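Database features (Swiss-Prot):
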type	residues	note
TOPO_DOM	1-14	topological domain 'Mitochondrial intermembrane'
TRANSMEM	15-45	transmembrane segment
TOPO_DOM	46-59	topological domain 'Mitochondrial matrix'
TRANSMEM	60-87	transmembrane segment
TOPO_DOM	88-227	topological domain 'Mitochondrial intermembrane'
BINDING	His161, Cys196, Cys200, Met207	Cu cation A1 binding site
BINDING	Cys196, Glu198, Cys200, His204	Cu cation A2 binding site
BINDING	Glu198	Mg(2+) binding site
Amino acid sequence: MAYPLQLGFQDASSPIMEELLHFHDHTLMIVFLISSLVLYIISLMLTTKLTHTSTMDAQEVETIWTILPAIILILIALPSLRILYMMDEINNPSLTVKTMGHQWYWSYEYTDYEELTFDSYMIPTLDLKPGDVRLLEVDNRVVLPMEIPVRMLISSEDVLHSWAVPSLGLKTDAIPGRLNQATLISTRPGLFYGQCSEICGSNHSFMPIVLELVPLKHFENWTTTML
């Protein structure tokens, strides 16, 4: 979960988010090296009086600044493509949950269970209890089993929405008339907060998402009480 004045990412709680954090560090290091090289060259230009006014052709230099950027782009593209394929890969999910976006709340349907559906609204500020998080608490949490692949089917009944949970590396658009999917695997139990990440109207800021990841036994007990 995020905290005040946070500058970095939230702690990763899924394999996908772990990969995204590694890719971020990898790319940031490349950007740092390029920036350092550019600043070094600029400092040399400003502090020395060496000039090459008579130079008309420099094949070696042109070759270097053509090949080197191509290599850098390959070093960025390959791990990026790998993560994209990992995010799209779904192998025999144990549970499927259908998520529908509305103005301005979410509804959930556990397709593996009969009549296990509910709406999830934000709890107003005046109704919060001590310890609750303002603008992020909901009346019905999405309870899911941890360490088990879960397929999320995401769509919308009105306008564009986006179902996003940062600590799990999830952000999938909810588009009317189209069903998108995402894979969710949590490596630890806990509460994970998210929000609608697509401007969808006047109450866009009041569409929080709360996932409660629990051991499988607790999930089975929860489904029994809900049915």
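First residue shown is number 1, and so on along the chain.
Here the Cβ of each residue, glycine as well, is placed from N, Cα and C on the backbone.
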Distance from His204 (Cu cation A2 binding site) back to His161 (Cu cation A1 binding site), taken between C-alpha atoms, in Å: 9
Cu cation A1 site shell beyond His161, Cys196, Cys200, Met207, criterion: Cβ within 8 Å of Cβ centroid: Gly101, Gln103, Trp104, Trp106, Ser162, Ala174, Gln195, Ser197, Glu198, Gly201, His204
Pairwise CA distance, His204 (Cu cation A2 binding site) versus Cys196 (Cu cation A1 binding site), rounded so that it is a whole Å: 7
Spatial neighbours of the topological domain 'Mitochondrial intermembrane' (1-14) far in sequence, C-beta under 8 Å, 6+ residues away: 20-21, 24, 133, 166-170, 184-188, 190-193, 213
Cβ-centroid neighbours of Cu cation A2 site Cys196, Glu198, Cys200, His204, 8 Å, sequence order: Gly101, Trp104, Val159, Leu160, His161, Ser162, Ser197, Ile199, Gly201, Met207
Nonlocal neighbours by CB distance (under 8 Å) for Cys200 (Cu cation A1 binding site), same chain, sequence gap 6 or more: Gly101, Gln103, Trp104, Val159, Leu160, His161, Met207
CB contacts for Met207 (Cu cation A1 binding site) [other CB atoms within 10 A, all chains]: 27
Residue with minimal Cβ packing [other Cβ atoms within 10 Å] among the binding-site residues His161, His204: His204
Local confidence of the topological domain 'Mitochondrial matrix' (46-59) - pLDDT mean: 75
Cys200 (Cu cation A1 binding site) in three-state DSSP notation: coil
The topological domain 'Mitochondrial intermembrane' (88-227) - residue tally per DSSP class, helix then strand then coil: 21 helix, 61 strand, 58 coil
